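> Structure below; questions to follow.
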Amino acid sequence: MAQKAALLPGSCHPNWVAGMLALLLCMRFSFCLAETTVRDFRIGWVMANPDGNFDRPTIGINGQWPIPQLMVTVGDRMILNVHNDLGNASTSLHFHGLFQNGTNHMDGAVGVTQCAIPAGGFFTYDILFEQPGTYWYHSHAEGQYMDGLRGAIVVHDPNGPYEGEYDEEIVLSISDWYHELSVDLIHQLINVENPTGAEPVPSSALINDTQNLKISVKPDTTYLVRFVNIGGFAAQYIWIEGHSMRVVEVDGVWTEPAHADMLYITPAQRYSVLLTTRGDISKNFALVCAMDEDLFDVIPDGQNSNVTAWLVYDATRPLPEPQPVEEFEAFDDFGLVPVDRLSIFDHVDYSFSLTVEMDNLRDGANYAFFNDVTYTQPKVPSLYTSLSVGATNASNPIVYGTHTNTYIFRRHDVIELILNNGDDGRHPFHLHGHNFQVVHRSGENDGVFNPDDLAASDFPRVPMRRDTLFVEGNGNFVIRFRADNPGVWLFHCHIEWHMDQGLIATFVEAPEALQSLQVPENHFEACRAARKPTVGNAAGNIVNVFDLKGENRPPGRLPEGFTAKGYVALFFSTVAALLGMATIAWYGLIDPDIKDISADRQLLVNSEGD
Ligand SMILES: *[C@@H]1O[C@H](CO)[C@@H](O)[C@H](O)[C@H]1NC(C)=O
Ligand SMILES: *[C@@H]1O[C@H](CO)[C@@H](O)[C@H](O)[C@H]1NC(C)=O
Ligand SMILES: *[C@@H]1O[C@H](CO)[C@@H](O)[C@H](O)[C@H]1NC(C)=O
Ligand SMILES: *[C@@H]1O[C@H](CO)[C@@H](O)[C@H](O)[C@H]1NC(C)=O
Ligand SMILES: *[C@@H]1O[C@H](CO)[C@@H](O)[C@H](O)[C@H]1NC(C)=O
Ligand SMILES: [Cu+2]
């Protein structure tokens, strides 16, 4: 599929010109090992059945699923001509973990750096791979990547610290898998019929987009195994029977080797490990992934949370069933030390905190909040607001709307973000445009971060850096990064369901330095095709950018003192009254923790409609 720009003399595609230009630039500046490829990506529906249970419509590229793994080398450039052939859905592509330094408009976040590419639309992503490591790409539009539009990216590093220490490379994606379309699942999730916000539970787990994968290995050989969780909800435990691993990369950051027998990998996280195979070929070994069931409110009948692959030393020998594990004891990433030994940013210029909460709004559905605000997509993508209201007004958070959780960062400041989790589940948070130093992470139920509890000397001298970090249930973490990448970057939970429930903040970094950004015309065309404005504040107002009349809003708040439990009670007793089925009034008594109310719910709500 990939075509080298230089080998394309017959082509008259406009991007051939861009490719040629890149080649000329490359010759001029003599980084000629770097390669520019131009690829056409036709995003469309295909049928797939990766868990052997159920054929379902799945989003593929160029008629294929799994979608291609992007294998490049540091310095390579890829021009992706994306055609949306879905017919009934808009789309986008985000390149997870790439900083997009100077190319904020290529970040792919719908409503932030672009409008969704409408059905039938065309959009070019021009990506320079400047960071080595393991990344991935996925749709950043309404839960869609869980329908299949997600794949691994590997940026090879010829000067990497472990070059020469391994013989071969293996890339393994890990994911959860659903049998229903994301749009339908989102509708079920954010719904008066689901007042406790119970998330849809995946049907199965996949390794490399399949099950029972056989990985041929040679004895006495060291592999660099790259794990990337491209799932949408489930974190997974990973272990390999009879083998141990040495972690050497976390989210694109090379680390000093750290021994691990079991990994815990949330959606969007990556680990590379060195795996040395055994000296004899007398046995094959299971590689097992187990979804973290603590996240699931209910385990549906027949669901298997586990998926097995095998290291196959000898194809003629049996593939052993994995041994049950008594207790999951996963490697703790907190102690990882980056090879570059970047010290802690010990002078903080701007510190702020975000508190996570889940609650119901007036429509009865369950939403997610940062500091009492549930994210609601603005009418104008925030980047376009930044570029159209003038440099001074672009530094005023008001123009980005009242429901976008916008924070403005001054260029080069060291930012400290304190995340307090008021919810009892783990959440993996991702920051676009950066990785960050993890200076503190509490245990479960440790509550709100209190700076007085820790002295500066309690922080690691060389903290781990990564771009996706989980916070423990009712715990907290503290991260730091330098605002050295002008742009509009999201910070959000990477559990896709929680993102859809609004667990998103917008960081506008050095907007004055962004003003010269040149956004290609086909980006604005995507907006026009969808009749979306491309200038003005969050409400599309350009005359008075402080007037947010008409901006998108979430449903209103519930009256004070109204709890989810009360809502469940009210909802079901109302339905009961309506249907004259007084017998179900007992629902009013149920504990809010008992989230499985699905059985009778179906019957009731069907008659209520929406
Ligand atoms: C979109 O089209 C696909 C493929 O024809 C179909 O399976 C799917 O149900 C459609 N989705 C919606 C939301 O209509
Ligand atoms: C994983 O799948 C990709 C195709 O998507 C394939 O190229 C690769 O060889 C597979 N990896 C293994 C270890 O089988
Ligand atoms: C999945 O693996 C875990 C750990 O070995 C085990 O406790 C659990 O029973 C397994 N689940 C299934 C459905 O096999
Ligand atoms: C972006 O590039 C500038 C130099 O052009 C550099 O100073 C800065 O550190 C980079 N930011 C990131 C996040 O890579
Ligand atoms: C900022 O916005 C206000 C209100 O729209 C406008 O009057 C003012 O001219 C703007 N300032 C700049 C520097 O563009
Ligand atoms: Cu979350």
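Note that Cβ sites are derived from N, Cα and C of the backbone, with glycine treated the same way.
The feature domain 'Plastocyanin-like' is assigned by TrEMBL to 44-159, 168-314, 375-512. The annotation signal peptide is assigned in TrEMBL to 1-34. Summarising the annotation, TrEMBL assigns transmembrane segment to 567-589.
For each feature listed, report its degree of burial, its nearest neighbours and the pertinent distances within the displayed model.
Per-residue confidence over the domain 'Plastocyanin-like' (44-159) averages out at a pLDDT of 97.
The domain 'Plastocyanin-like' (168-314): residue composition by secondary structure is 11 helix, 71 strand, 65 coil, according to DSSP.
According to DSSP, the secondary structure content of the domain 'Plastocyanin-like' (375-512) in residues is 28 helix, 49 strand, 61 coil.
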> Determine how many residues of the domain 'Plastocyanin-like' (44-159) DSSP places in helix, in strand and in coil.
7 helix, 51 strand, 58 coil
